[in-house]
């Protein structure tokens, strides 16, 4: 399930329970079953850019015993004809659980669970939904996930969801809720965030129908769904859900509770991503006070890092240094000098000192962090190391050392490439690598990196995000450098549609794509379309953005050159761009394109 991004739920906060319930599932209604607890782990603080998809996804897996391993159950040979025995299904399901608990291996447990499901299906009374069948299918899906066979888990869970009838009471509602949430987890492991979120929404809807809108368990699910929206960079939806969570906890929890602190930390992350730093700071300060009241020293340090990030965004550098140093002192005393939490604070200090012009100190903190990541302490996850390497890479990029930055990104990508649910993060890494390849003139490698990123983002459901539009624009620029002009035009057109929808016509990213598209149209002989775009952009600047921007004079000069070439004068009432880019417009052939004089104006990244 999606975990918190850059924040951590307090250990005392009840984890959201959504996985596989036991034989007594559903006695207390949706959300109350015995199941795996998914505790999100801490990421290092995000760099000063919109949060990238989180790396803190827990793997769905079957229930495991927290005590000593049990001895493996004896192998049981079962005649298929005996599956009609109604006592066999529960026996096989228990065998599956005992096999998992003993550590004997998931394949044998899978065989038992599949036979249990088949037995429950055979013994089901016509017209009566079997909750035992639904439960056994949940177990089968969990085992498939533990074997990293997520594609096989999906149809099993889709079948399980259809078994219960919510109108029959709390037990059925719980079975449906658990199925939807487990399905959402599985989609997230495949990197399909859009489908994951849709499944979580259905689970929340089912839970609210059974428990009402203000039950504390509903609050947990709302926060869970909000975290998924944050990972998909859908901050408005995340904010709405987080507000609902805060309202429910305000009613059911005492003041300054751990639950409220977790909600406020998530809300601070959302506000930070939306650029509302003052409100983010307010939420973090309140969360900090709650953690202090509950004696959570390490969590207070983690929040101090977040507060330092906000101060850094507000250019309140002295206060940022104080917050970082407070956190660093606590992390060193509680976790040791070589813990990744210490390295994460070093990275934040490196970023701060770069922004204040103290380059030597900045480089020194980067090197200290790299030494920790090079020899990680036991228990350090690959995701933690990869996140730190990505942040340090961004600082080396600021040092104008793209080759060193590329090396760090390659290391980060190798750490994540075999980890489920990391497709969006890897896509982000590949997009950044593409930018750096482009900067050093390695255009073929840049285009390949962007193409890989685009493929992963399409598969993960982020094909309508602003980030996806920006990556398409960058890929288009690489295609231009490789003289693949028709391909570049298609990429710019798709980027334009997305950025208009997500950012609006007046956003700088959208205006940059307009300029690139005009240049491309000019290069392939669609001069009239290029003129229309530039006229539209100039009109936007004159009427809404002002003419002080240096791009205005540049675009005006470019338009004048095109108009002179076409023998026309400027149209003060340009057409709407909605009808401008017509796929049926006449295009020049490749031969005509190669013989045409290149556009006098350039492209914008």
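Residue positions begin at 1 at the first shown residue.
Placed from the backbone N, Cα and C atoms, the Cβ positions cover glycine too.
If you check TrEMBL, you get these features:
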- 1-83: region 'Disordered' (REGION)
- 30-43: compositional bias 'Polar residues' (COMPBIAS)
- 60-78: compositional bias 'Basic and acidic residues' (COMPBIAS)
- 177-210: repeat 'TPR' (REPEAT)
- 301-334: repeat 'TPR' (REPEAT)
- 511-544: repeat 'TPR' (REPEAT)
- 565-605: region 'Disordered' (REGION)
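The average per-residue pLDDT of the prediction over the repeat 'TPR' (511-544) is 84, rounded to a whole number. Note on the repeat 'TPR' (511-544): DSSP counts are 31 helix, 0 strand, 3 coil. Counted with DSSP, the repeat 'TPR' (177-210) comes out as 31 helix, 0 strand, 3 coil. Residues of the repeat 'TPR' (301-334) grouped by DSSP class, helix first, strand second and coil last, total 31 helix, 0 strand, 3 coil.
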